[in-house]
Amino acid sequence: MTAPKETAAIQAGPIEAGPKKLFIKTYGCQMNVYDSERMAEAMGANGYVTTDRADDADMILLNTCHIREKAAEKVYSELGRLRPLKDANPDLKIGIAGCVAQAEGEEILKRAPVVDLVVGPQTYHRLPAMEQAARAGARPVDTDFPEEDKFERLPKGPRASRGPTAFLTVQEGCDKFCAFCVVPYTRGAEVSRPAERLLREARDLVERGVREITLLGQNVNGYHGEGPDGTWTLARLVRALAEIDGLWRIRYTTSHPNDMTDDLIAAHGDEAKLMPYLHLPVQSGSDRILKAMNRKHTAQDYLRLIERLRKARPDLALSGDFIVGFPGETDQDFEDTLGLVRAVGYHSAFTFKYSARPGTPAAERPVLPEALLDERLHRLQALITEQQKAAQLAQVGREVGVLFEKTGRLPGQMVGKSDYLHAVHVGDCDAKPGELRRVRITASAPNSLSGELVPVPA
Ligand code: SAH
Ligand code: SF4
Ligand code: F3S
């Protein structure tokens, strides 16, 4: 570890004319990851480059998440940890971006005097101007939902080369108003980006080395962007992206069961570049709870949908999101969730304890005892872990495509992702990052697989 320390010491020295350094910490979903990259590029216009050290930064940006109470509270504990840095360096600027910024706005300035600016997810194209205002002594807050397209207004930084995988936000916001969820309030109404711009951005990513693109949206399969010949669906966009040479894999997340259209199901059957993996949250297996959650579908609707998807693509791997302990959830409701999980057979799933969020309809209802939530979470997680293990073991002995991303911890080892999104470790491996190779899976560990390269025929 001596070399990086030396480099750090040099970096931390007083290089007056060097670029300013921006440290971004990202919480929450992949859309925040995408937004953080855009903010970093935009701040290039103000002479910033990114750093991975907070104590070395001229500006620190926390890109925050408001989805559960714990996620939101993390921001304030992080601000407490940053306080000494600000004391040591009064020129340091601290900004709050993302969904906590949107939800709490001005309140953040009152609660946290170290904060210099607050910018919502829809206005970060204005961040460079806000940073200048903060340097001039103001404490700007901007949480508008502006008419203009922020992606088009972002200052363009220099093009950097990229790793083999990238996110591309195609849709933002949500009109579904599930009774527990803050997203419709923090991200606003559903808006889809025009297809031509997305194709342009995708081509640009591919030119810079990207081989796999994950299309992002809070309701990505509700995509309805303006195309050259009318409104495009997500399936249409996927098919157009699939025509880009050099782009090998396409994924999308997160989907809502009610927007799983026939053309998208068909694409899973016949579009080879669309990967056989689908994140399709259902939240609960009880019709009573689904109704109270305002999900607007039943457990049967969901199971029938999975059946149709598997008919189109029999090896489709499924993942989901579940909330346990929604207000009013009885033992039977929870058993129905376990039953649905058994009926589907997930490759993986995220499980959450219900968290009452201010301003959402469900927050009006009495919460269940914490111990009950813990017990249900534990039981659901155990079932999902069992299914995840079974799904991984079923891969042993099979040959899969692996897109290599980086070197592993062991010498000569490379790590990549399979078509089914399993992390795959290959030892003694001559594949380079960005190469797609056939790998025979030989073993399964708790959260990854290992395998060996299948020799390429001469
Ligand atoms: N748009 C996606 C998911 C958005 S948030 C969808 O409709 O599925 C990601 C996940 O967080 C949700 O699927 C849900 O499982 C969980 N979540 C959202 N609000 C929550 C809350 N108040 N308490 C606990 N979990 C929550
Ligand atoms: Fe939240 Fe429901 Fe919208 Fe998903 S569909 S973002 S859970 S309101
Ligand atoms: Fe969190 Fe906002 Fe994403 S609340 S999950 S960062 S949309």
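Cβ coordinates are placed from backbone N, Cα and C, and glycine is handled just like the others.
What TrEMBL records for C29, C65, C99 is [4Fe-4S] cluster 1 binding site. Residues annotated as [4Fe-4S] cluster 2 binding site in TrEMBL: C174, C178, C181. The domain 'MTTase N-terminal' annotation in TrEMBL covers 20-136. Look at TrEMBL and you will find 160-394 tagged as domain 'Radical SAM core'. Taken from TrEMBL, the feature domain 'TRAM' covers 393-455.
Sequence features annotated in TrEMBL and their locations in the structure.
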residue : record                          : CB count, 10 Å
C29     : [4Fe-4S] cluster 1 binding site : 19
C65     : [4Fe-4S] cluster 1 binding site : 22
C99     : [4Fe-4S] cluster 1 binding site : 27
C174    : [4Fe-4S] cluster 2 binding site : 23
C178    : [4Fe-4S] cluster 2 binding site : 21
C181    : [4Fe-4S] cluster 2 binding site : 21
Quiz item: DSSP says what for the domain 'MTTase N-terminal' (20-136): how many helix, strand, coil residues?
Solution: 65 helix, 24 strand, 28 coil
Quiz prompt | Segment confidence, the domain 'Radical SAM core' (160-394), expressed as mean pLDDT | solution = 97
Practice problem: Determine which residues of this chain, when C29, C65, C99 are set aside, have a Cβ within 8 Å of the centroid of the [4Fe-4S] cluster 1 site's Cβ atoms, and list them as they appear in the sequence. | Solution: Y27, G28, M31, N32, T64, H66, I67, A71, G98, V183, T186
Practice problem: Write down the Cα-Cα distance for C178 ([4Fe-4S] cluster 2 binding site) and C29 ([4Fe-4S] cluster 1 binding site), rounded and given in Å. | Solution: 17
Quiz item: Reduced to three states, what secondary structure does DSSP give C181 ([4Fe-4S] cluster 2 binding site)?
Solution: coil
Quiz item: C-alpha of C178 ([4Fe-4S] cluster 2 binding site) to C-alpha of C99 ([4Fe-4S] cluster 1 binding site): distance in Å?
Solution: 17
Exercise. Could you list, ordered by sequence, which of these binding-site residues: C29, C65, C99, have a Cβ under 6 Å from ligand 2?
Key: none
Exercise. Note the Cβ centroid of C174, C178, C181, the recorded [4Fe-4S] cluster 2 site, then list each other residue of that chain whose Cβ lies within 8 Å of it, in sequence.
Key: K176, F177, F180, V182, V183, P184, Q218
